[in-house]
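Just below is one structure, and these are the notes that go with it.
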Amino acid sequence: MNKLIAPSILAADFANLQRDIEMVNASDADWFHIDIMDGVFVPNISFGMPVLKAISKHATKTIDVHLMIVDPDRYIQTFADLGANVLTVHYEACTHLHRTIQAIKAAGMKAGVALNPHTPIAVLEDIIKDLDLVCIMSVNPGFGGQSFIENTYKKVSQLKHLIEFSESNCQIEIDGGVTDQNASALVEAGADVLVAGSFVFKSEDPTATIANLKAITN
Ligand code: DX5
Ligand code: ZN
């Protein structure tokens, strides 16, 4: 299956956002990964609705929104209206996860769940068939540019087994510290979507970096 590359806009140059979006549009990337942080669920605030609206205006690829916020149910319809195609909430932020997932789907989006590095895959056993995507955090959420947590490989294999055992169609996304050093091993372990922020946008030639990630994973 085609493995997907999702550049994380958190690492883009916000003073040249349209330029960076157009770079992604013209590149081998598959998705835009958009990190929304509220300063409560995570110790950082990224950007909110007006910025996502501006991104949506120019983006020509799937918009994958990663909500690092408490009480995401409040904003599901808003994110649908802003152009999100995939909406991912954190397991740790949802008391009634099943209800939240159904609401995301009812709003016409694909539904994802993200797991913090300390959260075991097993908590998804009873919801895996309802999910379109699981995002395994390979860093603690809140900041770009952190180092990849090696325990992630084990979690990817466990999740892959759970998906196969449950006959789920869910995709596996990896978020945090992805580089050309770990990309192929992640895909080998079962990853379908690789998010890459700093590695893409801080490189000398982001278009070439994306092309290289795509080539080594496919
Ligand atoms: C972290 C975010 C990530 C981040 C990845 O909380 O969810 O999407 O932008 O950035 P890098 O690739 O720099 O680790
Ligand atoms: Zn993210």
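Including glycine, each Cβ sits where the backbone N, Cα and C put it.
A TrEMBL annotation is a machine prediction, not a hand-curated record.
Of the residues proposed, Asp175, Asp180, Asp192, Asp205, the one TrEMBL records at the same divalent metal cation site as His33, Asp35, His66 is Asp175. The Cα of Gly142 (substrate binding site) lies closest to that of Asp35, out of the binding-site residues His33, Asp35, His66. Within its own chain, Asp35 (divalent metal cation binding site) has Ser8, Ile9, Leu10, Ser46, His66, Met68, Gly144 as residues 6 or more apart in sequence whose C-beta sits under 8 angstroms from its own. Non-local contacts of His33 (divalent metal cation binding site) by the CB criterion (under 8 A, 6+ apart in sequence, same chain) comprise Ala6, Pro7, Ser8, Ile9, Asp64, His66, Asp175, Val195, Gly197. Highlighted in sequence order, Ala6, Ser8, Leu10, Ile34, Asp64, Val65, Thr88, Cys135, Val195, Gly197 have their Cβ within 8 Å of the centre of the Cβ atoms of His33, Asp35, His66, Asp175, the residues recorded for divalent metal cation, and are not part of that set. Summary for the binding-site residues Ser8, Ser198: the Cβ-based neighbour count within 10 Å is maximal at Ser8.
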